[in-house]
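According to TrEMBL:
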type	residues	note
DOMAIN	B:14-407	domain 'THIF-type NAD/FAD binding fold'
BINDING	B:28-33, B:D52, B:60-63, B:K76, B:99-100, B:121-126	ATP binding site
BINDING	B:C162, B:C165, B:C437, B:C440	Zn(2+) binding site
ACT_SITE	B:C177	active site, glycyl thioester intermediate
DOMAIN	B:448-532	domain 'Ubiquitin/SUMO-activating enzyme ubiquitin-like'
REGION	B:537-614	region 'Disordered'
COMPBIAS	B:547-570	compositional bias 'Basic and acidic residues'
COMPBIAS	B:603-614	compositional bias 'Acidic residues'
Amino acid sequence: MAQPILSKAEAELYDRQIRLWGIESQEKLRAANILLIGVQGLGSEIAKNILLCGINSLTILDDATVTEEKITKNFLLDRNSIGKNMAQSVLLKAQSLNPLVKIVVDTNNISVKQKEYFDSFTMIVATDLKSEDILKLDNICREKKIKFICGNVYGMFGYSILDLQEHEFLEEKVSLPPKKRTHEGKPLAQSLEKIITKVQRKIVYPNLKQVLVPTVPVSPKKTLKRRNILYYLVLVLNEFRDAVGRYPLYTERKEDLKKLKELKDSVAKRFELNSEKFNDNLLNVIFGEIPPICSILGGIIAQEVIKAVSCKEVPVHNLFLLDPYTFSGSEELICH
Amino acid sequence: MMGSSTVPSVLSTKVKEMIPSAKVLVVGAGGIGCEILKNLALSGFSDIEIIDLDTIDVSNLNRQFLFRKEHVGKSKAEVARESILNFNPSLKIKAYHDSITTQQYGVNFFKRFKVVLNALDNRAARNHVNRMCLAADVPLIESGTSGYSGQVEIIKKGITQCYECQPKPPQRTFPGCTIRNTPSEPVHCIVWAKHLFNQLFGEADAENDVSPDTADPEAAADAGNAALEKQAQEDGNIQRVSTRQWAQDCDYEPAKLFNKFFQDDITYLLSMENLWKSRKPPKPLSWSEAASHEGDVNEEDNVTATDMKVWSINRCARVFSETVANLKAELKGNKFLVWDKDDQDAMDFVTACANIRAHIFSIPQKSRFDIKSIAGNIIPAIATANSIIAGIVVLYAFRVLAEEYDQCKAIYLRQKTSGFKGILVPDNHLVKANPKCYVCSEQPSVNVFVDVNGMTVKEFETEILKKSLNMVAPDALLEGKMVMVISSEEGETESNDNKKLSELGIMDGSVLKVDDFLQNYELTVIVNQYKAENKEDPPYKIVADPNDLKAKAEENQNGKEKDSNNKMETDDSNDDVELIENNGVVDDPQEGTSSKRRKLNLPDDDDDDLIMLD
């Protein structure tokens with residue numbers, strides 16, 4: 001960092017967000033070094049949001065090659081990028097989003113990275129990875145006390161999983177002063193000065209193995225029943241990705257649906273799920289990467305990064321699940 | 001070239017076919033607008049029009065990602081168009097650097113679109129687009145964010161409620177005597193300081209007086225002050241010469257100005273003894289006393305010291321003197337100055353004056369940063385919330401094309417709190433129209449409570465019909481007598497302007513037929529005689545259903561504030577003291593960009609230049 005104190009130019013640029021999360025949070029963001037793995041549709045949304053908020057550096061790692069299909073789903077690419085490396089191709093437009101952030105491009109695959117590679121990062125954000133890579137990364141993050149979040153978009157469905165290990169943060173509770181009344185009980189004009197109370201809190205996260213490779217059936221049946229059914233969809237989709245090596249494709253719809261149904265039935269059996277609740281219809285809407293869903297998940301994941309880095313506000317503990325039909329988005333605790 | 005291949009594959013065939021040719025209007029190219037445009041372009045929408053009257057400001061760049069530093073000062077709509085075309089040159093995008101409320105965007109303009117997407121930052125423009133979409137029978141997707149929160153709702157004539165079906169909380173205003181005589185909160189001092197700016201340098205406005213108000217009903221009971229009362233003018237202002245004239249006469253000498261506003265006027269207030277029986281009396285402060293106060297220990301010139309720390313009284317006095325000199329120089333050659341939170345002298349002046357007054361009244365002082373938030377009515381805004389809300393907007397656009405309105409329940413984005421799992425929370429059902437809505441019901445009517453003997457026709461037109469009922473160019477006819485009270489045609493009814501309503505035969509129970517041609521909106525206005533009695537009373541009231549008035553009064557008695565169509569009671573914060581906006585509902589979501597601004601007690605301004613359209 002060039003200067004320890006926020007410059008006047010930065011204060012002007014970030015004014016509207018400093019008014020929300022305060023100057024201390026902005027200073028913490030300004031010192032953060034983030035690694036983003038995967039810069040497809042979802043990744044580019046995450047990159048946009050965390051670049052805009054003003055971190056110190058963003059490393060974008062992606063070894064994929066830009067295809068015609070990819071440019072239509074990614075606003076950081078254009079036609080000139082076809083055939084080139086993904087991470088390399090997004091650099092120009094990513095940098096123009098915020099010239100104050102240092103951007104590093106890495107065209108390698110995550111699997112070739114040594115442990116030391118991760119030392120300098122404050123937080124790692126991963127999209128589009130196999131379970132095996134995610135679990136390996138999570139272990140490294142736990143060892144090095146690096147905060148970790150991963151997420152994916154499957155058609156109309158999207159989710160994120162957070163591992164902040166032992167996370168301490170400040171929660172601000174905003175309230176209005178109690179209403180004053182006269183002796184007759186008539187309300188007096190209320191003061192509108194907000195009262196802000198800061199509470200220091202701590203959340204302990206389970207590791208990602210407990211989420212992605214759950215042992216069955218350890219949790220009592222009652223917990224299983226109350227669980228958001230979309231969690232099991234995460235398991236099905238992850239198993240599909242691990243087995244087939246890619247996302248379900250609309251062009252391979254028939255084949256992929258068959259495979260998905262098999263996996264779904266096996267998950268349903270393992271967890272004794274009600275087939276009415278966990279039905280096949282869910283599988284029809286999970287094809288492709290839908291841009292507005294990326295926009296939502298990109299916002300959610302970036303917001304979790306901001307909260308985690310600044311140690312302020314209540315983070316999601318530990319899954320965020322977006323309902324593909326109602327677009328209701330809620331937190332789910334998975335901890336076995 | 002790219003065409004339909006970008007349309008999401010999982011959508012129904014019908015929607016997939018419709019998307020590339022569906023004509024879409026985006027109103028506002030601010031925070032949400034930029035995100036919506038990106039989502040539309042990536043989803044295969046290829047015929048987009050975008051309208052925004054604003055220009056780009058540095059403080060937009062942390063979220064309005066289609067703009068860069070070199071675009072500052074340029075039209076938002078036009079730069080947004082270029083940025084999107086830069087991504088995909090095959091799209092058809094038309095940009096208008098204009099206000100949506102002007103005459104050329106009439107019902108026929110709106111009828112050309114399959115769906116209208118609002119990304120606005122103010123209620124007046126939202127109300128207007130709501131009416132235009134109702135009149136043109138085009139579905140509207142309304143959205144807004146404020147900090148971490150946001151919301152999206154669908155408005156479709158005959159199927160859902162409209163934007164104006166539920167009465168919105170009124171803009172916050174303060175009684176004049178609280179500002180002039182008995183401030184008790186920092187905001188009172190800040191409003192006063194802005195009024196002082198206007199009195200000294202701004203456009204003349206008698207409503208924004210800063211001197212002691214002897215017409216204060218509380219002080220009037222003061223028996224010992226009969227002599228002073230007599231001195232005072234009828235309207236309660238102790239001065240015969242205007243503040244501006246007086247300031248000019250003494251050549252804006254800082255010491256003289258300071259002594260008048262912070263010593264003499266305060267001494268005068270102290271003489272209104274009744275005011276201080278149950279309040280802590282203010283302490284007058286002279287120029288020489290202020291100068292003898294201790295200065296700031298470490299007066300560095302950096303953001304933290306200048307903006308984040310509370311200035312000493314000594315520093316306030318110095319800034320007062322410097323800014324008065326600068327503003328006086330700036331006033332030369334101008335008729336008046338317009339207060340702008342981004343003008344350094346204007347903002348410094350208000351910071352200094354508000355804090356000196358706060359000090360006098362033993363009210364906590366605030367930093368320049370905090371005072372700017374309040375004085376500029378700045379709503380914090382972040383990229384993430386806009387990204388999420390704009391995602392929902394475009395998902396709903398898909399459903400609107402399929403006419404699946406029942407699948408478009410209002411959705412609220414909430415800040416994550418402990419004990420509550422919901423982050424994106426949809427309503428349980430689609431909210432039906434309010435049968436008594438004074439905008440979208442079959443025969444809209446509204447009760448207006450005014451003093452027919454005190455209010456002029458011009459005031460009725462400006463305050464009631466335009467500002468409160470949001471009409472653009474109303475015509476008003478007094479029913480029964482067939483008297484043309486107000487005409488939107490120039491020269492037809494100007495002679496009525498300064499007449500009191502009663503002089504035209506308008507009295508309690510009179511019915512006015514009001515018509516706004518542009519909005520294709522006819523409204524029956526029932527006049528009720530009403531006179532404000534207490535100083536806390538509003539000068540006038542507007543109610544769709546008079547029974548609502550009673551219900552409101554009861555609700556206030558219970559001290560509970562509830563939004564009828566928000567189901568946030570599940571929150572763990574069920575007690576009275578929690579802030580409503582914390583429950584995920586945004587009263588008047590600001591993000592997006594403005595198409596119209598109104599002159600209010602606290603300006604309806606967010607992050608941009610102040611543009612008056614009056």
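Yeah, the Cβs are placed from backbone N, Cα and C, and that goes for glycine too.
Filtering of the recorded positions B:G28, B:N62, B:A125, B:C162, B:C177, B:C437 by Cβ separation from chain A (threshold: under 8 Å) yields B:N62, ordered along the sequence.
In terms of C-alpha distance, the listed recorded positions B:C165, B:C177, B:C437 place B:C165 closest to B:G28 (ATP binding site).
Within 8 A of the CB centroid of the Zn(2+) site residues B:C162, B:C165, B:C437, B:C440, the other residues of that chain are B:L134, B:Q161, B:Y163, B:E164, B:A433, B:N434, B:V439, B:S441.
Local packing around the Cβ, expressed as the count of other Cβ atoms within 10 angstroms, is greatest for B:A125 among the recorded positions B:A125, B:C162, B:C177, B:C437, B:C440. Confidence across the domain 'THIF-type NAD/FAD binding fold' (B:14-407), taken as the mean pLDDT and rounded to a whole number, stands at 90.
The Cβ neighbour count for B:N62 (ATP binding site), using a 10 Å radius over every protein chain in view, is 23.
The domain 'Ubiquitin/SUMO-activating enzyme ubiquitin-like' (B:448-532): residue composition by secondary structure is 19 helix, 29 strand, 37 coil, according to DSSP. On the backbone, the CA of B:A125 (ATP binding site) and the CA of B:C165 (Zn(2+) binding site) stand 16 Å apart. Secondary structure at B:C440 (Zn(2+) binding site), taken from DSSP and collapsed to helix, strand or coil, is coil.
Comparing Cα positions, B:C440 (Zn(2+) binding site) lies closest to B:N122 out of the recorded positions B:G31, B:D52, B:N62, B:N122, B:C177. Within 10 Å of the C-beta of B:S99 (ATP binding site) there are 20 other C-beta atoms, taking all protein chains into account. In this structure the C-alpha atoms belonging to B:D52 (ATP binding site) and B:C165 (Zn(2+) binding site) are separated by 26 Å.
Here the C-alpha separation of B:C162 (Zn(2+) binding site) and B:N122 (ATP binding site) works out to 16 Å. Using Cα positions, the member of the recorded positions B:G31, B:N62, B:C177 nearest to B:C437 (Zn(2+) binding site) is identified as B:G31. Nearest Cα neighbour of B:C165 (Zn(2+) binding site) among the listed recorded positions (B:G31, B:N62, B:S99, B:N122, B:C177): B:N122. The 10 Å shell around the Cβ of B:N122 (ATP binding site) contains 23 further Cβ atoms across the protein chains shown. In this structure, the C-alpha atom of B:C177 (active site, glycyl thioester intermediate) lies 28 angstrom from that of B:N122 (ATP binding site).
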